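Feature list (source: TrEMBL):
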| type | residues | note |
| --- | --- | --- |
| ACT_SITE | 146 | active site, proton acceptor |
| ACT_SITE | 158 | active site, proton donor |
| BINDING | 151 | acetyl-CoA binding site |
| DOMAIN | 31-191 | domain 'N-acetyltransferase' |
Ligand SMILES: CC(C)(COP(=O)(O)OP(=O)(O)OC[C@H]1O[C@@H](n2cnc3c(N)ncnc32)[C@H](O)[C@@H]1OP(=O)(O)O)[C@@H](O)C(=O)NCCC(=O)NCCS
């Protein structure tokens with residue numbers, strides 16, 4: 001599963017990348033990180049709406065871009081049996097994306113999403129590895145995030161990645177018109193040794 005990071009990442013993510021565990025399909029798909037721009041927001045929002053019961057609005061993404069937050073798309077080519085949806089002008093399609101907010105010596109992960117047809121293939125783990133590497137390169141010591149209490153797949157992903165639960169924000173997320181849901185606050189120490197997969 002682990003191999004040297006191929007050339008396709010060069011310059012696409014502003015991190016001193018050396019090696020990362022790369023999903024096996026990466027070369028076949030010509031995977032690349034690209035900065036998310038306003039031109040991507042229709043495609044991004046289509047993925048977002050298909051991945052969440054409570055998706056970010058287009059405005060959330062736009063605000064993050066306008067604030068200058070790091071926002072990257074993971075794009076790839078379709079395999080012969082696939083019909084890319086949503087499409088991009090360059091023929092690649094969004095495999096996933098993340099949006100983060102840098103702080104003084106920490107980075108806050110605001111959104112990480114994998115396009116549903118590509119889930120459970122290691123792409124979220126790959127994006128988290130890349131984000132941790134980039135964050136260390138920025139001098140950050142901690143990566144923070146909030147996750148819905150009911151989001152078992154994401155909580156499992158983060159636990160497997162070495163994040164620890166450090167708090168709860170009561171009623172942080174909307175659940176229905178009358179109900180709210182708690183957020184679990186999780187933290188990854190970037191100065192600690194990486195967990196073994
Ligand atoms: C959560 C999410 C980002 C995971 O993406 P992914 O690419 O499928 O995750 P990976 O394939 O990298 O999985 C890595 C590990 O996470 C855990 N995991 C991921 N999806 C899981 C699921 N559905 N059930 C249980 N564990 C899961 C597993 O431990 C997995 O390792 P394994 O496959 O070796 O068991 C994806 O399901 C998603 O986009 N969900 C909707 C958006 C969302 O909830 N984002 C997080 C908001 S806080």
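Glycine residues also receive a Cβ, built from the backbone N, Cα and C atoms like all the rest.
Remember, predicted model here, so these are calculated numbers, not experimental data.
Sequence features annotated in TrEMBL and their locations in the structure.
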residue: 146; record: active site, proton acceptor; DSSP (3 states): strand
residue: 151; record: acetyl-CoA binding site; DSSP (3 states): coil
residue: 158; record: active site, proton donor; DSSP (3 states): helix
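Taking a C-beta cut-off of under 8 Å and a sequence gap of six or more, residue 158 (active site, proton donor) has these contacts in its own chain: 128, 145, 147, 186, 188. Filtering 146, 151, 158 by Cβ distance to ligand 1 (under 6 A) retains the following recorded positions: 151.
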